[in-house]
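*Asks:* Dumping what Swiss-Prot says about this protein:
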type     : residues                                       : note
COMPBIAS : 1-12                                           : compositional bias 'Low complexity'
REGION   : 1-117                                          : region 'Disordered'
COMPBIAS : 32-45                                          : compositional bias 'Basic and acidic residues'
REGION   : 169-208                                        : region 'Disordered'
COMPBIAS : 181-191                                        : compositional bias 'Acidic residues'
COMPBIAS : 197-207                                        : compositional bias 'Basic residues'
REGION   : 204-331                                        : region 'Mispair-binding domain'
BINDING  : G894, P895, N896, M897, G898, G899, K900, S901 : ATP binding site
Amino acid sequence: MTLSSSQSSPPSTQNLKRKQQTISSFFTKRAPSAEKRSNDIEDGRATTQKGAEMPLRETAGDQNNLEDDEDGDVVVRAPKRVKTNGVDPENGFGRNIKEASNIARRPDPPLSSSQRTNLYKFASSQADDAGIEKTDDPEARQRQLEREKLHKLFVKKLGGADCLIGIGRDATTEAPSGTEDVAEGDEDDESPPQPRSKGKGLSKKGGSKLTPLEKQVIEIKRKHMDTILVVEVGYKFRFFGEDARIAAKELSIVCIPGKMRFDEHPSEAHLDRFASASIPVHRLHVHVKRLVSAGYKVGVVRQLETAALKAAGDNRNAPFSRKLTNLYTKGTYVDDVEGLDGATPAASGGASPATGYMLCITETNAKGWGNDEKVHVGIVAVQPNTGDVIYDDFDDGFMRSEVETRLLHIAPCELVIVGELSKATEKLVQHLSGSKLNTFGDKVRVDRVAKKKTAVAESHSHVANFYAAKLKAANTADDAPASNLLQKVLNLPEQVTVCLSAMIQHLTEYGLEHIFELTKYFQHFSSRSHMLLNANTLVSLEIYQNQTDHSAKGSLFWTLDRTQTRFGQRLLRKWVGRPLLDKERLEERVNAVEELKSPERTVQAERLKIMLGKIKSDLEKNLIRIYYGKCTRPELLTVLQTLQTIAQEYVDVKTPQDSGFTSPILGEAIARVPSILGDVVKFLNKINMHAARNDDKYEFFRESEETEGISEHKCGIASVEHELEEHRSVAAGILKWPKVTYVTSSGIEYLIEVENSAAAIKRVPASWVKVSGTKKVSRFHTPEVIQLLRQRDQHKEALAAACDQAFAALLAEIASNYQSFRDCVQSLATLDCLLSLAAIASQPGYVKPEYTDQTCIHVEQGRHPMVEQLLLDSYVPNDIDLDSDKTRALLVTGPNMGGKSSYVRQIALIAIMAQIGSYVPARSAKLGMLDAVFTRMGAFDNMLAGESTFMVELSETADILKQATPRSLVILDELGRGTSTHDGVAIAQAVLDYMVRTIRSLTLFITHYQHLSNMAQSFPDHELRNVHMRFTESGSGKDEEITFLYEVGEGVAHRSYGLNVARLANLPAPLLEVARQKSSELEERIRRRRLARLLADVGGLIEDPAKGDENFFQRLISNAEQL
């Protein structure tokens, strides 16, 4: 509070506190007239009291302007501290400030003020010296001259009278030069403030000098222009420039405007600093996952030194050193065990995302670069989350069906393209990956790598050197298995080697190149031990996704998925997409399913379910994170405890025969589980479980397992803390107290509290540093305490580094057992998949299939597996009887919406389920080993390739004719409908004849061309049979109604009843009536033609009975049936 003149006697010096003066103390009112000044000076003390009531008139030496602080002590304002900013403090403005502070405290004469709100403007004109000369008081005159002189210099300093623009200019030019970010307050100044240069504060271009932090960011950004950088600055992570704009858009955070470009573009020369956005440190991975999921490449730039170690080092005055420590994309994000998936999509019925594979592709022999060339393709697909590697090398035709099949099977989230692709392949890749609505469920990131003419030789050398160095580092260069391993890699096809070399280089950038050391998990895609399901088959039969909204619900995988673990679900997905061809392996698998569902094994099966139910984490991903060295301490504890729990569950099992199951698959899988128990217990004995659960790095290891570095720094910390305790007696002696007790306030330790009495404060030495205080006490640090705390902080930082180093060594030791741990997890995944299939088999109406070496499909009362689960009503079952030696093909006719497509899909799905090793929805099933299922269903064009619907239809058919074998199942739906009736019938008849006579595949041919039914007569032994979907008719004319029975019957449906579908589609009634009349007229015309043809044949037979052979009579019967 401001004291009145009657209370203006100065207090004792001991109770006075100096308080900083604000900038407002330099403001003055407008200069008064000479007469008024003279009168005011004569008034003396009254004017002093009036001036004291106006805070903006307070001066540095005004004795009357006293205030009370929170302690109740009387304080006096201290003179303002002013930076020199390049001005000589002895000769310039700094000296005047010093002199002004030493002016005697005397009453000030009042100055005139405006009658409006701008009471405290600077005077626009200089002081009137004449008015000062008229005063009779020499002391007042001297004081006023000093004040006016100070006022002139201050106004000049501000840049002009009545102007505050200079203050703003100084703030914008000085702040960036001294600190990295004054606004954020995240970090102390990394370099001392730079004095302002004389003259203009900014360059001619505009904008200020770059801060050390901005220089670091620009230097890193120039090396990674395609990466969004997240930079650690103190206690936040920050984005700069264009990265800040993208982050603000994707993360919904605030972007502070500024420069967007990193190239000093003239259009941004007027801006002083970069645009920026920030996120808290503990939310880093949450936001990184969101950016990576959006398709961006994200880099994390971290500080490589801590504040304590930096303060003790030689570079204490330099900016913090920073480095790009992590790079992330969709496929390489392994820092979170949940990955980018979150909840299991298949289980929730949500969208089916990409599988996490990164696929590298390259081409050769792409001559012509048109749409019809043949190319040789090599691919390598890597799944960093699990360590799986798939490779393949193949030729492909102009439709690129082989490439499409592999892309749909693997479903990559990232593509690495080596060299240029042909136009057809490029268009296919863009079609499959260029939209969020594609078959992968999300947009796919695409990176491109240049391909030299000598790429094959260079790639071979690079791969050889890579594996040779790894084997040498592992000291296994002379081992026979290691040599065989190296030879296996070097024997890969040329184009696969090119892709492998590119992927090694690509993943090295992300620190994940170690995955290629796990060559045990290299798999060839085109292994002939599995049924081939090409791209069209995956889509048409809805193996992984439905065709409505591309989600997993309603797919075959969704139907069979009853797994309890993530790694079990991934293995089941592989089983679904790659059914077995090996009859022995298949029988072993289905026998295991049968044993799990049998009542005699209920107890053992429940024991397995309980064991799998205890697994709450994704062990497969956990293990690969341990292998990469990215596992956290609580995660490691969870993994080891989970492995210990499941290993102890079957600790009594020594051999497969001890498992309680007769199935070899079940016995071997269970016997492999307890084999890891010894290693797991050994690693757990090194860990302090309580500390690991709380992520306490300092106490993570048990005392007996701590390294020398950890023990040394812990002793150092204990020694410093002991010295701090000993220092209490020294502090007590200085204060003349019996004893001193340390206190902690706001997280600051080792504070000494002293009462705010005059006697107590006198005893506090000047070297003690006041840290905080209240009205009653003040808290101090002694110089010795400050020095000891600095030593303790250095020991703590070094201890943290030693703990991290020891933890990394433990992870490397565990990683040396990766193979055995991975085999155990793979056994658990197998058990999970078999239990899932057993749950399916336990449903009513499912039967164990019988396998035969003969190519056949004999199913009694079969049902569609997905439709049956989705529909509330019961599904109408149907039989199927196909045999390579008897009826190889069925010609399926029937009304629209009569169930033709569902029937043929049902047959294909039952065959696939049987070769997965699952029970099938039927009364009985006997199936041969099919090597492939091909489908040509649906109608769509390919505008990107300039292909019409009919062109796409025939191209896909041509691919089927090239790949199909006598052991394949082929489904052709309404071939030939994309052109005129005559051409369509001709093409359909030719294709059907070729399939039955030449390829001899099992064929299901759906058509609305009744004329094709005559072909059945031309094949002996009923190789081609006519079947139709049954229905009943009622009414006639416009009241005609049709009822679908969804049952398969022998013979041909001579009408398609398209008008019935038109009625269901709610076409206008007048339109339907016109269509019905036209249809009746056309049918009558065709019937008359057939009747005329029949009469002509009968007449010819009467004239020449010799024509009456078997084929002639069959034709007569067929024509009569069509009437």
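Including glycine, each Cβ sits where the backbone N, Cα and C put it.
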*Asks:* So for G894 (ATP binding site), how many other CB atoms are inside 10 Å of its CB?
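*Replies:* Excluding its own Cβ, G894 (ATP binding site) sees 27 Cβ atoms within 10 Å.
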*Asks:* List every residue in the same chain as K900 (ATP binding site), at least 6 positions away in sequence, whose Cβ is under 8 Å from its Cβ.
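*Replies:* The answer is V892, T893, G894, D973, I1006, M1029.
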*Asks:* Quick one: what's DSSP say for S901 (ATP binding site), helix, strand or coil?
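*Replies:* S901 (ATP binding site) sits in a helix per DSSP.
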*Asks:* Name them in sequence order: residues not among G894, P895, N896, M897, G898, G899, K900, S901 whose Cβ is within 8 Å of the mean position of the Cβ atoms defining the ATP site.
*Replies:* M1029, F1044
*Asks:* Hey, what's the Cβ neighbour count for G898 (ATP binding site) at 10 Å?
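*Replies:* Excluding its own Cβ, the number within 10 Å is 25.
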